[in-house]
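**Student:** Provided herewith is a single structure, encoded as C-alpha cells, for subsequent inquiry.
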Amino acid sequence: MAAAVVAAAARRSCQTTSKTPLCIEFYDFCRKGDVSRVQFYLSAGLSADWTNERDRNRSLLMATAWKDSEEVCRLLIEQKAPLDHQDSSGLSAMHICAKQNSIRVAKLLLQAGANVNLLAENDITALMICADLGHTELAEVLLKQPTINLDQQSSRGFTALMKSVFENSIQLAHLLIDRGAKLDLASNSGFTALHLCAQLDRREIAQRILAKAPPEMVNQPTKPEFKGNTALILASLNGHVKMVQLLHENGADPNLANSEGCTALDQVSGSDSKELLKLLQSWSSQSRNKPTAPAGLSLADAIRKDDLESVRKLAKSETVTNVDRTTGWTPLMLAAGLGKTESLKVVLSLIGTSSSLDFHVNRQAEDSTKATALHAAVQCGSEPCVKLLLQAGASLAVLDAQGSTPLSLCADLGSATDVAELIIERASADELMKPGADGRLCPANLAAVRGHLDVLRLMLNRLRKLDDNSSRQTWLPQILEEAKAAWQFEAANAVLEEMPKNAKNNEELTTARLFKAAMDANPEKVKELLDSSQAVRDSINKRSQQDPGWTALMASAWNDDESTCKLLLDRGADPNVTEQKLGITALHIAVQQNSRRVAKVLLDQKSIGLNARSKDNRTPLIRAAWLNHMDIAKQLLDRHASVNAQEIDGFSALHFCAQENLLELAKLLISHDADLELQTSSKKNCNTAFTLAAVKGHTDMLELLANVGADIYYKSSQGDAMDLAKRAKRTAAIEMLVKLDRQRKCSWEAATAPIPSSSTTSNETAGVKMQLDAGSAQVAEVPSVEMDSSNLNSSVVPPICGYQYCMRSNPRGMCVIINNEQFSGECESRPGSRKDVASLERLFKDTLKFRVQVHQNLD
C-alpha cells in the first residue's frame with residue numbers, strides 16, 4: 001500500500017513544482033548513493049530528468065557523481081537522465097566527477113556519450129579541474145576520449161597543461177605533452193607553460209617541454225605589459241640556478257632584454273646568489289652578440305643607470321618625446337618616477353629645444369595609470385624632481401586613472417614636508433577643496449582622513465592665506481567632520497585650532513584633547529590637562545564630538561587603563577554617563593573589552609549602575625554572558641547584579657549561556673538563582689534556556705539544566721525540546737532528551753494505573769498526533785493515546801501528552817489500524833484486506849512491541 005501511495009504522490013510531484021518534498025528526498029538519496037531508495041522512487045514514477053532548484057539547479061546525475069555511486073548512475077542513465085545538464089554555474093555531472101575524483105561514474109557517463117568538453121563558468125573543462133586537483137587517474141580516462149580538447153583555454157587563458165604546471169602534477173603534465181598539447185599557447189599575460197615552469201622551478205616538466213618544443217620557443221617573451229620577460233629572465237629573477245642551466249643548455253639567450261631593457265644578469269646584479277651571478281656573467285662575456293632590446297629602450301636603460309653621457313647621445317628629439325610602445329611611459333616620466341634628477345634635467349632641456357615643453361611635461365602615460373611625470377615624482381618622493389617639473393610648468397590639476405591629482409596624491413601618501421611644501425604653496429583654494437573624480441575626497445579632506453598632520457597643517461595654512469573668514473567657516477567644518485568620522489583625533493584637533501575661537505569650539509577642542517589623551521592610554525597627559533585649567537575639569541563628563549562619542553572614562557575602559565580610570569574617577573568622572581548612539585556606559589565597554597582591572601575599579605564605585613541598560617536593553621551581566629567573560633561576570637554577580645534581567649528580545653544571561661554551551665558560566669548563574677523558566681520574546685519563539693540548548697544540540701547543557709530542575713517538557717511557540725531537536729536534526733540532543741524522559745518515567749511507572757486494553761474506546765484515543773515512520777517515503781499521521789492520569793498518585797508529576805512512550809517502554813507505543821474495506825480514493829490503491837490487517841498487526845505487536853487497536857470501516 002505504501003508503494004501505491006508514493007506512486008500517486010510521485011505522479012503528482014512530476015506535475016507540480018521542482019520543490020516537491022518527494023523529489024528533494026529522491027535527490028538526497030541519489031547524492032547518498034542509496035541504490036534501493038533510488039530504485040523505489042524510479043519505480044514509483046519519479047522522473048530521472050528532475051533538477052533541484054534549491055541546489056543550484058543540479059541534476060540527479062550530478063548528485064550521484066558526488067558519491068561515485070556506479071549503481072545509482074547506471075539506474076539513472078537507463079532512465080534517460082540528461083548526461084550534459086549544466087547547473088547555474090555551468091558545471092555538469094562530468095565536472096562534478098572531476099572535482100570528486102569519481103572515476104566509476106565518469107566512465108559510465110563517457111560510455112553513455114557525455115560531452116567531455118563542456119565549458120563551465122570561466123570556460124573551465126573537466127580536464128582542467130583534474131589538472132587543478134591532481135586527479136591523474138581520472139585525467140587518463142578523459143584523455144582516452146578521441147574528441148577531447150587538450151588545448152581549451154580558460155577565461156584567463158590557462159590550459160590544462162598550465163594548470164598541471166601550477167600544481168606540479170608531473171605525471172599528468174607528461175601525459176598532456178605526449179598526447180600532443182600545444183606548447184606555445186600563452187595565457188592572457190603572455191605566459192606559456194615554459195614560462196610557468198621557469199618561474200616555479202618545475203624542471204622535470206620543463207625538460208619534457210623543451211624536448212618537444214621548437215628551438216625558438218625557449219626565447220619567447222611574455223606580453224610587453226607584463227615586462228616581456230623570457231623564461232631565462234624569470235628563472236634568474238626567482239633564483240632557480242638549475243632551471244637557468246637547463247634553459248641555457250637548450251638555447252636560451254642570456255643577453256635578451258625585457259621591455260624595461262633588463263637582461264637576466266641585470267635582474268640578479270644585486271642578488272645574494274653568487275653561483276647564479278657567476279654563471280650569467282660568464283655567459284654574457286662569452287657571447288659576441290650585443291644585448292638585444294626593442295628600439296628606443298636603451299634610452300630607458302641609460303636613465304635607470306643615470307648614465308648621463310648615454311642619455312645625451314641617445315635622447316634625440318624624436319625619441320625623447322615619444323611614449324614607449326611597451327611601457328606606455330615617456331623618458332621624462334621614467335626619470336621623474338625613478339628620482340633621476342640629472343637625467344630629468346637632460347630630458348627637459350632636450351624637450352625644450354624640440355617642441356612644446358608644456359605639452360610634454362603634462363603628457364599622460366598610455367598605460368593603465370594615466371599618470372604624468374609630476375604624479376610619478378610625487379609618488380617617488382623626490383623633492384628635486386618635483387621642483388624641476390613645477391618650474392617647467394607641470395600642472396597640479398591633471399587627473400590620473402584613479403581620479404587623483406598630484407595634490408591629492410600628496411595628501412593620500414603623506415608626502416615628505418619638503419615635497420608637500422613645493423606642491424601646496426602653488427595650490428589654489430579650489431584645488432585644495434575640490435573633490436576628485438567619482439566622489440573622491442578633496443586633498444584637504446583626504447589629508448585629514450589619512451591623519452597626515454604635516455600635510456594637513458600645510459594645507460590649512462595655505463587655505464588661511466587664500467580665503468577670508470566667511471569662506472573658512474564653510475570649509476573648516478567640512479574637514480573637521482571628515483576627520484571625526486575617520487577617528488583621526490589629532491587631525492580634528494588641528495582643524496579645531498584653526499576655527500574661530502568661540503565657546504562651542506573651545507569646549508569641543510578641550511574635550512577632544514582630554515579624550516585623545518585617554519584613548520592614547522597616557523595618564524600623565526590626562527593629569528597635565530586636568531591640572532591645566534578649570535575648563536578641562538568641567539569637560540570631564542563631556543562626550544567627545546568625534547566618533548565614537550565617548551567620555552574620557554569610556555576610553556580608559558576600552559584600553560583597560562586602570563591608572564587613567566582611577567585618576568578620572570578621583571577628579572569627578574561619572575561612571576554612569578551613557579554614549580548616545582548605543583546607550584552604553586563605561587562598565588559596558590569594560591565588559592566588552594574584557595577590561596578586568598578597570599571593571600574592578602568601576603564596580604568599587606558606590607554610584608555605579610550595575611544594571612544599566614544599553615539601547616538594546618542589555619545589562620553589563622548580559623553582555624558578559626554573551627561574550628563569555630567569566631571573570632567579569634563573577635565580579636558583577638558578587639556585587640549582586642540582576643541575574644534575571646532580559647534584553648530587548650527577552651534573552652537573559654542564562655539564555656546566552658545555553659545558546660553557546662557555556663557550561664561553567666551557566667553553573668555560576670544558576671548558583672546565583674538564575675530563573676530556569678524565563679522565556680524569550682514571542683519574536684524569538686518564547687524559548688527557555690532548555691529549549692535553546694535543544695535547538696543547538698548542546699547535550700551537556702541539557703543535562704545540566706534538567707538536573708537543576710528545568711522543565712524539559714516546556715513548549716515554545718515552535719514546539720517542545722524534542723520537536724526542536726528533531727527539526728534541527730540534533731541526534732545527540734534527541735538521545736539525551738530520551739534519556740532524561742526515561743529518568744522521569746521510572747518514577748511515574750510505579751504510580752500509574754494499568755495500561756488500557758485494546759478495547760479502549762474512541763474517546764480514550766483522543767490526543768495529540770505522533771508521526772510513525774516505518775521507512776517508507778510518506779509518513780502517516782495517526783492519533784496517539786493520551787493516558788488517563790486521574791487516578792495517579794497526586795505527588796507524582798503526570799506524564800506529558802505526546803511522550804507517553806519511548807523505545808524502551810513496554811509497550812513502546814500505540815498503533816491504531818483503521819481498515820476501511822470499502823474505501824478507495826485519489827491514491828487508486830486497492831481496498832485493504834484482512835490479510836493486510838493481520839500482517840500489520842503482527843509487525844507492530846510481535847516485532848515492534850506496540851499495543852495495537854484495530855478499527856473497521858470508520859468514516
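From the backbone N, Cα and C atoms, a Cβ is placed for every residue, glycine too.
TrEMBL feature annotations, pasted as is:
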- 811-846: domain 'Caspase family p20' (DOMAIN)
- 89-121: repeat 'ANK' (REPEAT)
- 156-188: repeat 'ANK' (REPEAT)
- 227-259: repeat 'ANK' (REPEAT)
- 369-401: repeat 'ANK' (REPEAT)
- 548-580: repeat 'ANK' (REPEAT)
- 616-648: repeat 'ANK' (REPEAT)
- 649-681: repeat 'ANK' (REPEAT)
- 685-717: repeat 'ANK' (REPEAT)
**Student:** In the same chain, who gets a Cβ under 8 Å from the repeat 'ANK' (548-580) while lying at least 6 residues past its ends?
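**Tutor:** Distant Cβ neighbours of the repeat 'ANK' (548-580) are 487, 514-515, 517-519, 521-523, 526-527, 530, 537, 540-542, 586-587, 589-590, 593-599, 601-602, 605, 607-609, 612, 614.
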**Student:** Under the DSSP assignment, what numbers of helix, strand and coil residues are found in the repeat 'ANK' (649-681)?
**Tutor:** 17 helix, 0 strand, 16 coil
**Student:** By DSSP, how many residues in the repeat 'ANK' (685-717) are helix, how many strand, and how many coil?
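**Tutor:** Here the numbers are 17 helix, 2 strand, 14 coil.
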**Student:** Under DSSP, the repeat 'ANK' (227-259) has how many residues in helix, strand and coil?
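**Tutor:** Counts, helix then strand then coil: 16 helix, 1 strand, 16 coil.
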**Student:** Under an 8 Å Cβ to Cβ limit, what residues of the same chain, 6 or more beyond the ends of the repeat 'ANK' (616-648), are close to it?
**Tutor:** 582, 585, 587-588, 590-592, 594, 596, 599-600, 603, 610, 654, 656-657, 660, 662, 664-665, 668-669, 672-675, 678, 680-681
